[in-house]
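Heads up, the thing below is written out as structure tokens.
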């Protein structure tokens, strides 16, 4: 099987060399090698050198169209001229594995192509196959070719010797229900025609049964297929009214597979059972099948449903019959069980049954449950590591895949389980294609081997492992992120700094879908850390592709004619040996679907043990997308093929390959100097006149240094450079003009000159009148090479330079002597820092008492526990650099006897804990200042601070009831043998939680609780104290102090007393306490459990009281921290009430009711006497109104 994407991911180079966007891959010089598109000429490319010269090797996996399509490799000599010819190496003819029936058709030689560091190269045909019986197995093959293009040997690590010897016994149901018997004969004849019979081949025996068993044919009876068929065509039916299937199987096991009947020791045993009904001796089947298992007999069961269908048997009966035949068949049943509707349909399963039987010929195990290396396609990918050659075998183990290591000492073929996750219950690894790509990484601790499985869980993954002998240890797994992206289908390790150790791993996901559902592709860059693990660093993506199709062509100027749309960026990834000559290796990445399948290649430069995220060059393919396409399918660049000392790059694809020469890389450095270096307009020169006015002239000296990076001698070659010089480039209108200006502009000159190693030129300019002094004069220089035929400039070097000339106004002596004085006053003298980031300001006052102070600055450096916010002045500009603020004052100068006042606003930073805030304020300028006046140029501010601990202290009480009720005379046990009988349980959970992201001090939690009453009866009894991991509590002798348990009881005899205090706390009663240390607050907990000593309260006289458990926090670092008042203490109250025995007496209730009734009667009598019940009704009032 060729790569899934090969027909769409191949490229070309071709009739014209592609256009290059930038940098040093030359687009005008190189060579092109063309070949048949239909042969996939250009699918793989390698640069190669031997004693005969320099070559480009080109793989053509489908060479040999339209017949055998064996594929091949072409050698193309470099330097043949405009129409170079390539020679086919005829590798398939010279590639052979002894003692095999080889199948070279469609072997796809040249799919994989790698050069050998010791000379020669390796070419692979992953679809190379061989025959075992009637079965073809695609094992794959690789051929070692010498430096003189001679085949040295062939490697096929997945090939297994065909086990052609099989002993097959057919057990046939010949009972009367089988009809017609001729259908059984036709089935046997068709099946046996495909089996090669012979003493060194397969043997077939036949046993038929009904009520009895008959040996029709012994295993060794016939030595040819034709003689066996002659016997079978006349085979009689056994007949009988019973179906004794267990007897037939057992007889075949015991007798048919004996040496006397021709069975061969060590040869695989196969039994085929054909029956049309349930056995009459079914009770023996389990025992018989177990014995077959013990004898390693592989069984195929065929259920014939003809009799069931003819007699309209029930579904239940059919199901029972099928289950019986399935129980006879070997595991897995799906590979060993067949059922047909009737005897005539047996012919339909002959091919399927034959393929299962023939599969046994290439397997050494007992069962045909799955393929192992038979379809492995070894050589699908290849890589030369320090230990040997890694060969990807994607078809191994039913396309789970594997990686074969081939060395001079032998071949290591991993087991299926070596690359599988033992916890993979969802079987995500099935058909994952391990070995699709292979690479290795060199580390100080040894070699890491890497392979991709792009179909793993549909998202793909990359497996990193170590190999110790035959033991594989997976050290890391990198997983893809998008379904169908083919993550891991392309791998490339890069030693960027060339120190012999791998720096990065690039993983291609060429079918990654972009935002428009196009196959954009992307490449993941992983950095190898010191622990030997790959960390994701960045993800590379191609330029956005506009998918213009006939269905989506709105706004498109050109409509794509090829599909799918996209780029498939990452189809090929190649390490390129230092294109730009900076000492770092570079990377080239192919995107063969770009530009309607014309393709493109992106070049990335290496830097600092990685590659730059932005590509430096994009090479577009020139093909038409039809005859030549998929430029960027294959890339190789490790040799200098034209002798100029620079690595060249070869890019291949469908239809051809291109060899690009690389240009030399030049370094051009520039510098500018000015004379004078300051402009003082009070000192004009008579020799400098601008507009009939004497002014100040400045000579600008522009100097260049030029060199090339390659080892080639360039000392006698001149190179043309060009540069532009612009005056006052920050201004729309220049304050200066060149003395001999260009006709087009008085502020700009353009120069082209020739340079060998160094060059200096001078230009003079004069200052105009009425200058302002807000900013200095900036002179800008832009430079580069004048021609593109020679070297290219190093892209990492600047091509422009800006320098400024300050303007001064200091009198005739040209000396500005200033006297700065500085005051800095903070708005606070001390501070408690809380989480809300309090703000304060520093009032700055700066004064100049002497000459103009040019470029005056106020610098503030401060400790990390504060942050700069802003300057409170509209005319001031301040810049921040970490913990330093620089403010320009009175730019371009602070005039004489002028004072400036402004405020700098700061906010505290609780993340950094310091004992004080320190701010150093300094004033300076470019003008001179006498040492005697420097004492007032700086101020040191120190503000003592403390930090309010940002925490939350809570105490939560947990009880069954809200408060405890004790009944008068309630009974209690005389002896306590367990703490659970003491009384109600009270649990208190103290939590100290970090409330904000700032430091907290170490704390001490003290818990105090009332222990004894005035009569020394126990009140609260401590039973448990637990805490979070970071907390340590000193409670050893306080928990269960009486040691109450089954082995140590405690007799109860409380004293009777009166508890008259409503609050029972530690001020008036004997208490106990314990301390818990909390060194680091995060979410710290202390759980305290008490038992209320109930006998004390049953004996005591009281109505209701509260016992108070007090907890306090103590700050152990008072120098830096304070606790807020709300987080200092927590009181938990435990209420205990007493209920009198029997409640309220009945006579009190009766007397109370009578007294109430008497009072009600007296009230009614009083109201009657007062006439309350004689008021007029509404009707009486209405009658009176009518009379009126």
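Heads up, the Cβ atoms here are built off N, Cα and C, so glycines get one too.
What TrEMBL records for 1-22 is signal peptide.
Sequence annotations record features per position, and here TrEMBL assigns repeat 'FG-GAP' to 27-85 (among others). Taken residue by residue, the repeat 'FG-GAP' (27-85) breaks down under DSSP into 3 helix, 30 strand, 26 coil.
Here TrEMBL flags 167-353 as domain 'VWFA'.
Per TrEMBL, repeat 'FG-GAP' is recorded for 473-535 (among others).
According to TrEMBL, the feature repeat 'FG-GAP' maps to 555-613 (among others). For the repeat 'FG-GAP' (555-613), the model's average pLDDT works out to 89.
Sequence annotations record features per position, and here TrEMBL assigns repeat 'FG-GAP' to 617-677 (among others).
The transmembrane segment annotation in TrEMBL covers 1144-1168.
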**OP:** Count, for each of 473-535, 555-613, 617-677, the Cβ pairs lying under 8 Å from the repeat 'FG-GAP' (27-85), and report the range with the highest count.
**Re:** 617-677
Original post:
Using DSSP, what's the helix, strand and coil tally for the repeat 'FG-GAP' (555-613)?
Top reply: 4 helix, 22 strand, 33 coil
Original post:
How many of the residues that make up the repeat 'FG-GAP' (617-677) does DSSP mark as helix, as strand and as coil?
Top reply: 0 helix, 40 strand, 21 coil
